[in-house]
Amino acid sequence: MAPASIEGPSKEGVQQASSSVNVAALELDTQCPYSILPSILFQMNSDKDMDRLTKVGGAAGLAKGLVTDLHVGLNDSPAAAADGLATAAASELGSVEAHRTAYGENKFPEKPPPNFFMMLLEAAKDPMIIILLIVAIVTIVLGAAVPEQRAHQGWSEGLAVLGTALIVIFLGAGQDYSKERQFQKLNALKDVIDVKVTRGGKQVLVPNTEIVVGDVMFLDTGDKVIADGIVIDSQGLVLDEASLTGESDPIKKDPVSDPWVRSGTTVNEGSGHMLVLAVGVHSEWGKTMALVSEAGDDQTPLQEQLTDVAAKVSKMGVLVAALCFLALLIKWLIIHKGGDIEWVLVAGKINDNGPLQFLLYAITITVVSIPEGLPLAVTLTLAYSMKKMMKDNNFVRVLSACETMGGATAICSDKTGTLTENRMTVVEGWFAGTAYPQVPEPSALGSHVLELLKWNCAMNNKAFLVDQESGVTDFVGNRTECALLVLLRKLGFDYKQLREEREADQIKLYGFSSARKMASVLLRERASGNLRLYNKGAAEWVLKRCVGLARPDGSTEPMTPARLEEMNALVTGMAKRGLRCICLSYRDYAGSDPARAADFFEDADLVDRDLVAVAIVGIKDPVRKEVPDAVITCQKAGIVVRMVTGDNIHTAQHIARECGLLTEDAIALEGPVFRAMPANELIPLLPRLRVLARSSPEDKLTLVSLLKKQGEVVAVTGDGTNDAPALKESDVGLAMGIAGTEVAKEAADIIILDDNFSSIVKSVLWGRAVYMNIRKFLVFQLSINLVAMISAAVGALVGGVPPLNVLQLLWVNMIMDTLAALALATEDPYPELLNDKPHGRSEPIITGLMYTHIIVAAIYKLFWLFACLYGLPRVLPAYATLTKSEYYQTMCTQILNDKGVLSTNATLQNDVCNIMGFCGFPQGDIHSDLCVLHNEWLAINTTVPSLQQDAVCNGMFNPTANYSGVVAPGEPCWRNNNLQSAQGAMDDEWDREYLLSYKPALSVLFNAFILAQVANAFVSRRIGLELNFFKGLAHSPIFNCIMVLITALQVLIMQTPISYIFKVEPLNGGEWGACIAIGIGAIPFSWVLRILLRWLLPLTANSSNWLAGLRGSRASNITASGAAPMRAAAHTRTLSGGAANHNNRTASGRTLSGPHGGYQDHNRTMSGNPHVVVTTNYQQGP
């Protein structure tokens, strides 16, 4: 049988019309084995060409041409032909792989991976890095060009700075590259969803990326459409196409008037099947995506806070750097003849501890003081946390949700599947007049009841069961409907056969809605031609619509008020045992009724009336075993957990007690009562509200809004399409990964992959870890910033030598920004984080205790820094620095020889060295017997003149000194000229030799400072008043590796030839011991501080209490006491906005709810402490 073909141009004609046809589709045409070419199919789909669709024979004709089957679908492999399926789809051309090859795959071109070279360019664009590189290059050039500088390797420091700056650039680019790759992998998972398709005659779940042209896909309320196609059958199918068209009005879809379905749209109502016609880049959504570039991620709130902190610290750093530069420059100008440019350039002074070095130093201070590691730390910890949270079944879709979840103060959770296992089973029930404590045998029910049950459970149902080879049955779809399918199996029926048998009889399917609390299906009876409606739903809601009760013999018992009360009592009894009660009912309609309106069956509310109850089944959904402990954990963490469910209030209360939610002082409300109460009376009840039963999505949205106005940080779970507004309104929306619709997932910030409440608690823990890791890094980095700025300012303004040189500061910056960010930002959470109260909505990122730790850590490091800088040379002779007297008296000959001054005449050299070292020009005492001038002038009984030239030139000279004798006062002489040349040479080398003499002390200082940073990193792991800084260290491999790496690199810097570049010298064992002791001393120093704070403050040792004390006990501010502004504003308005009816009620006892909908009875009671009396004013419902 030849496949059908679509009338259209030939392949050559199509190629000529390539301007209107997808070029990629034309390429597919050449390899297409089907009669319907991709270019023609895609063009018809793009144009919504109804004429061509009609000519080919509609969906059936397309299926024939695509070698698929509208009932069986495609086959996963050609081997499926062995199953004996008598369809064209059983051939090799009917396989999924053949269609993927012919029509393309359902994937979009991936965003190209990050380019490391581009990352390098981005990292090098930092203004400070650019200036640093320029100055380093100028230093290298001058150091190599000026002979005097070249002799002392003046280029070496510039080269070292250049190399270090390049390392910083490479490290920064490497981290950015790694981060981008990580985010790209995680973001790719956002678009992967499971969809329901028919393959080989079976309904299966496959990833959306595996969908191909020719697949028969099932659409249900809340689904996201992931391919283009046409509707095969529609049960009230309504799509939201606003994402493509911008039109907000939903569009009804059916096979006749509008069968075209577009990817990127969502199913608002109803259900149906579609035949896939275009996937991936060939779909309308794919074409749109190809034209739109991906937008960048906005900064998260925490990143914004830290960017602000970084800006403030940077301004201080720039100010300090500017002051240091000006102070050093002024000092240099005073010393070096006011900065005579010609003399400076000729002497090479500008690059010899001169303005270039000062500028380099100032820039380095700026680089160190700018905490660019803060935003990096947030990015790192978010990326790391997102990856780890996936393992804890939390898929983060919105980055900011990580940090926000840590501050959550309230969680509004669904019941089914979140607090319970969502493995629903019918365990008892009432069947046609008889209550059974377990599912009865089929023989006990009678043929009439079985007939009603089997069609209701099979046809009024969109779920299906997947039997695994292991014997486990997976539920796909609504879990309540799955439980009814399992019930059918227990009664001996195969739901698949039943559906196939009556599929053609289905007239209309009315899906479940939260407003009706029920679902129905309308079937045509083959024998009589009449219509029969099968209905199921929440028992108390369905019973209100029933006019009769079925009997085993097929007769009907009238539903009297007394009988209705009995049935409601039966439902209440089952609900109190924690069972979900579902009532199965039916109603017969005439096949044709002239009096019936033509659109009568379009309104489900009219159709679902005058029903006959057949059975009430009690469905057990046990509480997850880990939930009670998780709830206790939340309560200890200061988080209030509320159950928001559509279930009967008695069922909800039973489950809430099992979970530990509903204690004696807590209350439960029903949705109708909740929405009728005025805000000014509801708000005081919110702190005690733990259960909201029989609630609508609007009730959940209202609850979230009220809690947020109270100052709460609210996390909300949701699985239905109607939950999307509440998920969006909340601070963190949590969608269920298993039971959730795609609409709910799109609206959510985090997807809970296993639908488990304990996974939500893990997301809280990770959120707090993100916040805590950033705070740890802040404490660590800001203490170093403070030390760097203060020490630099003191070194420049007070005098002496800078405690840390340019290269050392860059190494500190690398530790502080890059390595420490990686170490502290990637620490795993620890359970004690949940003992703290939530940080709330407006708490500053840096608390009072953190400031204390920062300042105290800085004081410790500054003490040892200045002790090594100023104390060590004065206390220990081994570290004594060179004085000018020692310099001129002991090093004169060596320096002059090195500089080539009088190096050929030792006598003249010794003469000027004596004058410079012992005669006061510039060192010594002119009246000293050691001074050669003193002896000369003493010989003529004359005091030595104070002016250098007179003193040198006008005395009695030894004839062997080759001087010409006495000269006139004020006239120059060769002796003074020689002296001035020698003085210039000695001045040139003084700074270098002085710094060289400081090298032993500065080496100890530098090493001790770095080791103190390593110790401070350990201290920063706990920023409360904890004493154990090493707890959980075994679970922090990245931290441990980085600390080992820093220490190892420091050893290399100190003990290998690299020390020359860093201007330090190798240390001996005793010096290493002292440095290690100073470094480790940061730990006991912090212990002393924390013990002192514990003793001074009338607070417990727990950090959470201390932090809570600092911020005014956040937890207590989020209770009824915090509701005063809202309470005052609310007055007597109802939640719906209407004026309140002030009917004073006394509420005490167990439940504030109506027995059958919630608010008919004026004598309501409120769950909670039966001894508490609360006066409530609320508006009655209709």
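Backbone N, Cα and C define each Cβ position, glycine as well.
Quick look at what TrEMBL annotates:
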- 69-144: domain 'Cation-transporting P-type ATPase N-terminal' (DOMAIN)
- 128-146: transmembrane segment (TRANSMEM)
- 158-177: transmembrane segment (TRANSMEM)
- 316-335: transmembrane segment (TRANSMEM)
- 358-384: transmembrane segment (TRANSMEM)
- 777-800: transmembrane segment (TRANSMEM)
- 846-872: transmembrane segment (TRANSMEM)
- 1000-1019: transmembrane segment (TRANSMEM)
- 1039-1062: transmembrane segment (TRANSMEM)
- 1074-1093: transmembrane segment (TRANSMEM)
Beyond the flanks of the transmembrane segment (846-872) by 6 or more, those residues with Cβ under 8 Å of it: 309, 775, 778-779, 782-784, 786-787, 790-791, 794-795, 800-801, 803, 879, 1001-1002, 1004-1005, 1008-1009, 1012-1013, 1016, 1019-1020, 1023-1025, 1078, 1081-1082, 1085-1086, 1089, 1093, 1103, 1106-1107, 1110-1111
For the transmembrane segment (1000-1019), sequence-distant contacts whose Cβ falls under 8 Å of one of its Cβ atoms, 6 or more beyond its ends: 780, 783-784, 801, 803-804, 808, 811-812, 815-816, 820, 823-824, 853, 857, 860-861, 864-865, 868-869, 872-873, 878-879, 881, 1029-1030, 1039, 1043, 1046-1047, 1050, 1054, 1059, 1062-1067, 1071-1072, 1074-1076, 1078-1083, 1086
Cβ-Cβ under 8 Å with the transmembrane segment (1039-1062): same-chain residues at least 6 beyond its ends: 156, 160, 805, 807-808, 811, 815, 819-820, 822-824, 826-827, 1003, 1006-1007, 1010-1011, 1013-1014, 1017-1018, 1021, 1033
Taken over the domain 'Cation-transporting P-type ATPase N-terminal' (69-144), the model's mean pLDDT: 70
